[in-house]
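Notes follow once the structure below has been shown.
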Amino acid sequence: MVNITYDDSGSIKLPEDDTVVYSPGDIAWVLTSTALVWMMIPGLGFFYSGLLRRKNALTMIYLSMMTLAMVSFQWFFWGFSLTFSDGASSFIGDLQHFGLKGVLEKPSIGSTKIPSIVFCVFQLMFAAITPMIAIGAFAERAHLGPIIVFVFIWSTLVYDPIACWTWNANGWSFVLGGLDFAGGTPVHVSSGTAALAISIYLGKRRGYGTEALAYKPHNTTYVVLGTVMLWFGWFGFNGGSALAANLRAAQACIVTNLAASVGGLTWMFWDFRIERKWSAVGFCSGAIAGLVAITPGSGYVGAPAAVLFGFLAGTLCNFATQLKFLAGYDDALDIFASHAVGGIVGNLLTALFAQHSVAGFDGFTDIPGGWLDHNYIQLGYQVADSVAGVGYSFVVTTGILWAMHYIPGLRLRVSEETEILGLDEVDMGEFAYDYVGMEPELKPAAGFTSPEPGMQERDLEQHYTAEGKGSRNSH
């Protein structure tokens, strides 16, 4: 039996230590936040799916659930221990909690106000959504099987160390004095930079720079639905990071909603100046940029600052989408622009607008604040943390990709034929809708009849020859 008792108010006590008292309300809020963040993961899958072409629509929805499952196992196996063990070094933890050994009723390393098992499952959701953000860069040109392996390795070698140095009390950034309330560097900077490394490694998609890739999102409803699920879940993402049901959690929720609102409006207005259209996709992109930027500062800044977070994120992330054209890489979903740039913007603004008074809304957190509180060195701490996150994630992600490249069966890049057919057809054999998504790719000119559903790659040439049109490669 678990060695706990209850006092007259219904709070949980540890008999061997009368100073440890868990409020059922705090536990309920953190578990509710866990469920909210869980919803963000398939939400991100729908958001990515809607932005892609129809022939790859199911792939991203599938990858969201696969990533959740794989990271859930990795977190149980050793991920939680590598991140939050008491004996961690300044860089990474040990295997004290291997297989979740000893993770139950004792006070958590994140907060003594909740038990370790509650903190563990809440942090699992952060660990799961982070690689899902990154693997959006595999869109339309990577085999699904090797991605499963990549998720396990990347979570172990990239996410766990960065989360450890940011949130573990022994981590170098934590000790230095870096402020990251809910994952600016561990979640967004690390995943956005990994997406850049993935995009460079994979190379450009077939038809890059031509009309072949000048397509609009195939399902704007999915984009809006995904944004709704992400925005909804972000209340748990940021509000739950207070690890208690208190005024700081409420403050995190209000600034989260405000930054998302301003970010969405800002991006939409910037797009309107060019297109003269009110873009739902633009609004959704800006809302997510605002959510990304406010994440590190949500427990430290006031509501007026959240307006600036949203405006600068909506502006800078919008313009950052042009970086891929300047640098010549193919980031299909603009993950680097939204998450890495947005995360860095949030980290730097946190240095400027963090306040001792806001952090103290929970009644016990004591920080020197940022520039508003005349703590000017905070900007240096935030820059150091951001640069370390970008550099480490990019180098290690690149190393993982090239190591897998030379292992039989783990090479990620698909063939041109697979790109033509789509990953839903080749790697899944299942479709989000029907077979109609193949027609625009396989029937580029009038006079072609549609290939039979499920037609294999080796039969395609015979199909085109039978039509009297020659090889498909000649078109």
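Even glycines carry a Cβ here, placed using N, Cα and C.
On a predicted model such as this, the values are computed, not experimentally measured, just so you know.
Per TrEMBL, compositional bias 'Basic and acidic residues' is recorded for 455-475.
Annotated domain 'Ammonium transporter AmtB-like' per TrEMBL: 28-433, in sequence order. Summarising model confidence by region, the domain 'Ammonium transporter AmtB-like' (28-433) averages a pLDDT of 95.
According to TrEMBL, the feature region 'Disordered' maps to 444-475.
What TrEMBL records for 27-48 (among others) is transmembrane segment. Among residues of the same chain six or more beyond the transmembrane segment (27-48), those with a C-beta under 8 A of the stretch's C-beta atoms are 12, 60-65, 67-68, 114-115, 118-119, 121-122, 124-126, 128-129, 132-133, 136, 139, 222-223, 225-230, 232-237, 239-241, 243-245, 249, 284, 288, 333.
Per TrEMBL, the feature transmembrane segment maps to 60-80 (among others).
Sequence annotations record features per position, and here TrEMBL assigns transmembrane segment to 114-135 (among others). If you look at the transmembrane segment (114-135), the same-chain residues 6 or more away from its ends with a CB under 8 A from one of its CBs are 12, 22, 26-27, 30-31, 33-34, 37-38, 40-41, 44-45, 63-64, 67-68, 71-72, 74-75, 79-80, 83-84, 100, 102-108, 147, 150-151, 154-155, 159-160, 163, 183, 186-188, 190-192, 194-195, 198, 237, 240, 243-244, 335, 339, 397.
The transmembrane segment annotation in TrEMBL covers 147-169 (among others).
Long-range contacts of the transmembrane segment (181-202) within the same chain: residues 126, 129-131, 133-138, 141-142, 154, 158-159, 162-163, 166-167, 173, 237-238, 241, 252, 292, 295-300, 324, 329-333, 335-344, 346-347, 350, 385-386, 388-390, 392-394, 397-398, 401-402, 405, 412-413, each at least 6 residues beyond the stretch ends and with a Cβ under 8 Å from a Cβ of the stretch. What TrEMBL lists as transmembrane segment is 181-202 (among others).
Long-range contacts of the transmembrane segment (222-243) within the same chain: residues 26, 29-30, 32-40, 42-51, 57, 108, 110-111, 113-114, 119, 122, 126, 181-183, 249-250, 252-253, 255-257, 260, 280-281, 284, 287-288, 291, 294-295, 298-299, 362, each at least 6 residues beyond the stretch ends and with a Cβ under 8 Å from a Cβ of the stretch. For 222-243 (among others), the entry in TrEMBL reads transmembrane segment.
Panel annotation: around the transmembrane segment (249-270), residues 29, 181-182, 231, 234-235, 237-242, 278-279, 282-291, 293-294, 297-299, 301-303, 305-307, 309-311, 313-315, 317-318, 358, 361-362 of the same chain, lying at least six beyond its termini, place a Cβ under 8 Å from a Cβ of the stretch. Here TrEMBL flags 249-270 (among others) as transmembrane segment.
Remote same-chain residues near the transmembrane segment (277-294) are listed as 47, 51, 188, 217, 220, 223-224, 226-227, 230-231, 234, 238, 255-256, 259-268, 270-271, 301, 306, 309-310, 312-314, 317-318, 334, 338-339, 342-343, 345-346, 349 (criterion: CB distance under 8 Å, separation of at least six residues from the stretch ends). Residues annotated as transmembrane segment in TrEMBL: 277-294 (among others).
The transmembrane segment annotation in TrEMBL covers 300-320 (among others).
Residues or ranges marked as transmembrane segment in TrEMBL: 332-354 (among others).
Among the features that TrEMBL reports, transmembrane segment is placed at 389-407 (among others).
Same-chain neighbours of the transmembrane segment (332-354): 48, 51-52, 133-134, 136-137, 139-140, 179-181, 184-185, 187-189, 191-193, 195-196, 199, 205, 285, 288-289, 292-297, 300-302, 305, 308-309, 312-313, 316-317, 320-321, 323-324, 367, 369-373, 378-379, 381-383, 385-386, 389-390, counting only residues six or more beyond its ends whose CB sits under 8 Å from a CB of the stretch.
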